[in-house]
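Structure first, then comments.
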Amino acid sequence: MKYELDKTSGNARRGRLVFERPQGTFSVETPAFMPVGTYGTVKGMTPEEVRATGAEILLGNTFHLWLRPGQEIMRKHGDLHDFMQWHRPILTDSGGFQVFSLGKLRKITEEGVKFQNPINGERIFLSPEKSMEIQYDLGSDIVMIFDECTPYPATFDYAKKSMEMSLRWAKRSHDRFDELGNKNALFGIIQGGVFEELRKVSLEGLVNIGFDGYAVGGLAVGEPKEDMHRILEYICPQIPADKPRYLMGVGKPEDLVEGVRRGIDMFDCVMPTRNARNGHLFVTDGIVKIRNAKYRDDTSPLDPECDCYTCKNYTKAYLYHLDKCGEILGARLNTIHNLRYYQRLMAEIRQAIEDDRFDDFVVEFYARMGKPVPPLQLADNS
């Protein structure tokens, strides 16, 4: 993988990731949003439908794909690309966040994490080395190191110990990645909770090891939005400018805008797909809750400014009807729209950076939403 930085507008960065795959050279224009395909599928969508929304890269889930279908079946198909028939780039998370989510079902040690398989109750073990081996079998174009996702709230001492162990795991991940002869990209993950000095130590340690990109982890786990913004403003300027920056698990449309304002290049989140299945649809001026009875006889398109298949062909009344009847097509049409909304938003962001009018775009974006523009502070990184 190669990262090319073309232009900046304030802190916002316009570039691309370039991948050499067996099928040819693929570019991912950044800032980019990655739809989440937890089990090797973006829920309800074929790969062709996902691509039609504008997506150029997907996220797969190492933890869940390891439990089902497992490495052996993946190897029989070739890799995850062959298994799910998506031959463009794939990023896989390491499984660290899913293990964190297990709560009392898991025990963290220096060696790794012992936990109870949520599917069959078996006791199993996941380590940095094992995560690298699973992601190697998945054929991930971007591999994430195995880390501990520091919970919120956490004391300074807990966050420090967690971050230090994640650094040791980062080195073990890097060593095993190299031993496997993996020619793809490996990203480090910056931890440290809401404590700036810990984030700085984490980043410095990761840079000393050397990675192809750097993710900001451990945010969007319950901390106030102001803390997320503060950490991003503090740490992003310190990340090497020639490496991509990835904010993990974020988020709402305004979170994407705020991340780009602070220098982030890559995002992923289940929000557009999960919200679609729950009837929450993103439109130019906010959200349409399609289950609201006021849409029962609304013959207008969901979003007149949207060019997706759903908006070009169907009315709000039809989407309301499908949802009311529990029809699978309703969830699919909603998902097509929400994914396209996110990709259109990213395309608008990229164009605004190219035109060096990103600050104006931010003002216009919040004006459409009827919301004030959040403050942007200049962090003191001395």
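Just so you know, glycine gets a Cβ as well, placed from its N, Cα and C.
The active site, proton acceptor annotation in Swiss-Prot covers ASP93. Taken residue by residue with DSSP, ASP93 (active site, proton acceptor) is part of a strand.
The region 'RNA binding' annotation in Swiss-Prot covers 249-255 (among others) and rests on sequence analysis. Across the region 'RNA binding' (249-255), DSSP assigns 3 helix, 0 strand, 4 coil.
Swiss-Prot lists ASP268 with the feature active site, nucleophile. Within 10 Å of the C-beta of ASP268 (active site, nucleophile) we count 22 further C-beta atoms, all protein chains included.
Positions annotated as region 'RNA binding' by Swiss-Prot, on the basis of sequence analysis: 273-277 (among others). Summarised as a single figure, the pLDDT of the region 'RNA binding' (273-277) averages 99.
In the three-state DSSP classification, HIS337 (Zn(2+) binding site) falls within a helix. According to Swiss-Prot, the Zn(2+) binding site annotation covers CYS306, CYS308, CYS311, HIS337, on the basis of sequence analysis.
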Additional residues around Zn(2+), ordered along the sequence, whose Cβ is within 8 Å of the centroid of CYS306, CYS308, CYS311, HIS337: PRO301, LEU302, ASP303, ASP307, TYR309, THR310, LYS312, ILE336, ARG340, TYR341
Binding-site residues: CYS306, CYS308, CYS311 - member with fewest neighbouring CB atoms within 10 Å: CYS306
For HIS337 (Zn(2+) binding site): intrachain residues, at least 6 apart, with Cβ closer than 8 Å: ALA276, LEU281, PHE282, LEU302, ASP303, CYS306, CYS308, THR310, CYS311
Remote residues contacting the region 'RNA binding' (249-255) - C-beta distance under 8 A, at least 6 residues beyond either end: 97, 219-220, 228, 267-269, 271, 282, 341-342, 345, 365-366, 369, 371, 374
